[in-house]
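S.K.: Before I ask anything, here is the structure I am working with.
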Amino acid sequence: MDHLSLVPYEGGSAGGGGGGGKYKECMRNHAAAMGGQAFDGCGEYMPASPDSLKCAACGCHRSFHRRAAAGIGGGPVFFRPPPPPQPHSHHAALQGFLPSSVPAPAPPPQLALPYHAVPAAAWHHAAAAAAGRAGSETPPRMDDFGPGSAGGSGSGGGGIFGRKRFRTKFTPEQKERMREFAEKQGWRINRNDDGALDRFCVEIGVKRHVLKVWMHNHKNQLASSPTSAAAAAAGVMNPGAGIGLGTGLGTGISGDGDGDDDDTDDSPPRAAVSSPSPSPISV
């Protein structure tokens, strides 16, 4: 309660008119011990006797009552000026490198602060503490940065702080197994298939989230034409299928392709179709 002690005491009658001033309502906080705020609200100062300094209404000393000067309204309550702030470490280091002829910068003058005002030093210390907490995080590891990101030409374009993107490489067997599993599941992972998904990931040695990303990236590419994928798989399994059907030109296989033993063509004669001559192109 330092601001209450600033109320000056002037001699005079205890009725509140001594020294040309008048004492108003009581400003004592009766709930300060409990961490709250409660005032008596007794109004103007009412002494018990002419020589008493205690209020007969609330029992508080006259210093707890707000004093209003005669003819002048009560002004705002002021705190005492805070002590000058101590120089920071970087200021002290700077003063060590300055020549002796250059004086150190003087601290700004301290003015009286109004009621409920917060010193600027408190904001400065709070900002410094916040910056210290932000800079105390664990820095990233050096192996997260690739040599291509040092010049700012990496895929992330973040300069030296661009994180190198890790790409998983799959074997052909893993790709084929993942494609078969994705087609079996309809290129989507249901919640009821978590057990089968975990077992499949353990079998092929691929992590769960890696398989999900692969299915998401190849869904439109492989699932758009399932017939072509099946035909391609059949061609890989039986590469000799489809050879020898038709004329058999350049393959060394005889036969007319009608299934009988002779080499004669039993198909009906085809009508000769004359192709029209191309029209001349004018330049």
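Glycine is treated like the rest: Cβ placed from N, Cα and C.
According to Swiss-Prot, the record shows the following:
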- 163-226: DNA-binding region (DNA_BIND)
- 131-171: region 'Disordered' (REGION)
- 244-283: region 'Disordered' (REGION)
- Met215: site 'Required for DNA-binding' (SITE)
- 23-68: zinc finger (ZN_FING)
S.K.: Over the DNA-binding region (163-226), what is the model's average pLDDT?
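M.R.: PLDDT averaged over the stretch: 85.
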S.K.: With helix taken as DSSP H, G or I, strand as E or B and everything else coil, how many residues of the zinc finger (23-68) land in each class?
M.R.: 3 helix, 12 strand, 31 coil
S.K.: By DSSP, what is the split of the DNA-binding region (163-226) into helix, strand and coil residues?
M.R.: 44 helix, 0 strand, 20 coil
S.K.: Near Met215 (site 'Required for DNA-binding'), which residues of its chain come within a Cβ-Cβ distance under 8 Å, counting only those 6 or more away in sequence?
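M.R.: Within the chain, Met215 (site 'Required for DNA-binding') has Cβ neighbours under 8 Å at Met178, Ala182, Trp187, Arg188, Ile189.
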